[in-house]
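Remarks on the structure that follows.
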Amino acid sequence: MPLPADLPPHERPRERLLRHGPASLRDAELLALALRTGTRGRTAIDMGSQLLHRYGGLRGLFAASPQELMSLPGLGAAKAGTLAAILELARRAAEERLMRQQAMSEPGSVKRYFKTALANCAVEHCLALYLDSQLNLITSGELARGTLARASVYPREVVREALRHHAAALILAHNHPSGSAQPSQADRDFTRHMQQALALVEIRLLDHLIVAGDTVVSMAELGLL
């Protein structure tokens with residue numbers, strides 16, 4: 001692939017972005033602009049393409065930590081830090097959209113948020129959305145990060161965090177790296193215990209979502225809450 005500087009001006013990613021907008025660029029080209037330069041034998045666009053291939057797309061890239069990015073050939077602290085910052089801004093933008101609306105008035109937005117955050121994580125993560133009495137988002141947070149098989153979350157810790165944020169309701173979500181989004185018996189038991197613990201302090205558990213790849217299962221929609 002020719003270097004971006006060797007392309008005719010109208011074909012270079014930056015010039016195309018400025019002329020036609022960012023939507024006119026492929027994902028690899030947008031990543032190339034963030035990376036700025038390639039390495040010996042690889043253009044920045046090549047590196048962007050390889051990142052997408054390695055992580056199975058943008059959602060997988062979202063789940064990569066800065067340390068993991070730095071372990072890849074040609075990605076030093078500067079490039080990894082820039083990518084991590086851009087990905088975090090995208091995550092916060094998704095969170096900001098939720099904060100502008102009642103969280104439960106657009107359940108599709110909640111599912112998209114958790115799918116973006118969890119779909120391609122290699123280990124289990126458990127996340128929470130903390131809501132006020134009008135079901136507006138107060139903040140979000142990670143409750144646990146575990147092994148391939150499980151993330152340990154204790155009801156008392158969730159209750160403590162909910163009280164700290166003055167939440168009136170919670171939405172929980174975790175991922176199944178195994179690939180099946182169907183709730184296990186352990187998921188059902190955990191949800192029941194969490195609902196009971198939160199009820200003691202008059203906080204509602206509105207839903208518990210399970211993410212596996214492109215699938216998001218709502219335990220509330222299944223009648224398990």
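The backbone N, Cα and C atoms fix where each Cβ goes, glycine too.
Annotated features, as they stand in Swiss-Prot:
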- His174, His176, Asp187: Zn(2+) binding site (BINDING)
- 103-225: domain 'MPN' (DOMAIN)
- 174-187: motif 'JAMM motif' (MOTIF)
Report, as numbers and ranges, which residues of the same chain sit near the motif 'JAMM motif' (174-187): CB under 8 Å and 6 or more residues beyond its ends.
118-119, 121-127, 148, 151, 153, 208-213, 215-217, 219, 222, 224
Which residue counts does DSSP yield for the domain 'MPN' (103-225) in the helix, strand and coil classes, in that order?
40 helix, 37 strand, 46 coil
What is the number of other Cβ atoms found within 10 Å of the Cβ of His176 (Zn(2+) binding site)?
21
So which of the binding-site residues is most packed in, judged by how many other Cβ atoms lie within 10 Å of its Cβ, out of His174, Asp187?
His174
From the centroid of the CB atoms of His174, His176, Asp187, the recorded Zn(2+) site, which same-chain residues not already listed sit within 8 A by their CB, in sequence order?
Glu124, Asn175, Ala181, Pro183, Ser184, Ile210, Val211, Ala212
Pop the mean pLDDT for the domain 'MPN' (103-225) in here, whole number is fine.
87
